[in-house]
């Protein structure tokens, strides 16, 4: 095992960002560091603070088209510190990998974006169009006061983004082997099935909501929602939480609470899913309350300049072709896509994200910056 320093500019900036313990929704000065670098190359910096969330909109240029790097400075908690090989907020290079919370998700991407932009502007100081950065500290948290609020602000003044590259860790086995050119929609239900609480010895004096709901839940879990399409897998429904009872063995509960989530394709809409679920509840003659939370619409970036530029960049820098996919969880791209912007995600290998000993290959950081730079050249030169 070797512990070594590294002078790659992307690695050094990534280390500076990791050293700031920006557990969501904290930013801990990450955006200030980024803003200083961007201001030095002609960006107008516009901080946008909403409640406990720090956001930044930075832009260089006043004309279209607008290419936007999007990302987040917040990270998930480190978890059990005893399971980390090195302190999570003390960036350490071991055997060619940089360890630390946020190394892959997504401070490495942020550093690559900054360095790529610095290089691009140095070569093309009078580039056409505009380059922008949309950065938040509320991606890993409730995503209430982050990207969605910045987009609301931009939309209110009719400031449009043409293309967005999100730095989420899209890669699976090696850098750039997968890019995300879309995401499924996400819809969450909070269901309360009502019964009558009572003693288990006197079931005729009570009404057990668990027994009543069981056939409904069985049918819900076995329902086929759609077949998906060439871009999206079939819609999936998963029960995430069930809670009922007092904890005592002799009490029939009065209510049953169930939370379930849909990850849905473009073959259905949230409205269709809601209608089908509520029809199923009615068919099972349940007494219920239900509330719905829209977490994001599905989006897809098909063939066009952004996907073409990204494919070209990955092929040029890595020597292999990328695979555009729409699988996985949601990202802040879901808040940007409804404005009409084309959205794509390209970032490091995601094998260690949200885990102890999160790490990124340092050679990948430099290659990622080169990919980002080529994408800028393809779209703005």
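Using N, Cα and C of the backbone, Cβ positions are placed for all residues, glycine too.
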Write down the one residue from 72, 199, 204, 211 that Swiss-Prot lists together with 105, 168 as binding Zn(2+) 1.
72
Recorded Zn(2+) 2 site member, picked from 63, 140, 377, that accompanies 105, 354 in Swiss-Prot:
140
Rounded to a whole number, how many Å is the Cα of residue 168 (Zn(2+) 1 binding site) away from the Cα of residue 139 (active site, proton acceptor)?
11
Sort out the sequence-distant neighbours of residue 74 (active site) for me: same chain, 6+ apart, CB within less than 8 Å of its CB, listed by position.
22, 23, 24, 25, 26, 27, 136, 137, 138, 139, 140, 141
Neighbourhood of the Zn(2+) 1 site (72, 105, 168): other residues with Cβ within 8 Å of the Cβ centroid, in order?
71, 106, 109, 139, 140, 166, 167, 169, 331, 347, 353
Three-state secondary structure, residue 140 (Zn(2+) 2 binding site) (per DSSP):
coil
Tell me which residues of the chain lie with their Cβ under 8 angstroms from that of residue 105 (Zn(2+) 1 binding site), as long as they are six or more apart in sequence?
75, 76, 168, 169, 347, 350, 353, 354, 358
8 Å Cβ shell about 105, 140, 354 centroid, Zn(2+) 2 site members excluded:
75, 76, 102, 106, 353
Which ones in the same chain are close to residue 72 (Zn(2+) 1 binding site), with CB under 8 Å and 6+ residues apart in sequence?
106, 135, 136, 137, 138, 139, 140, 146, 332
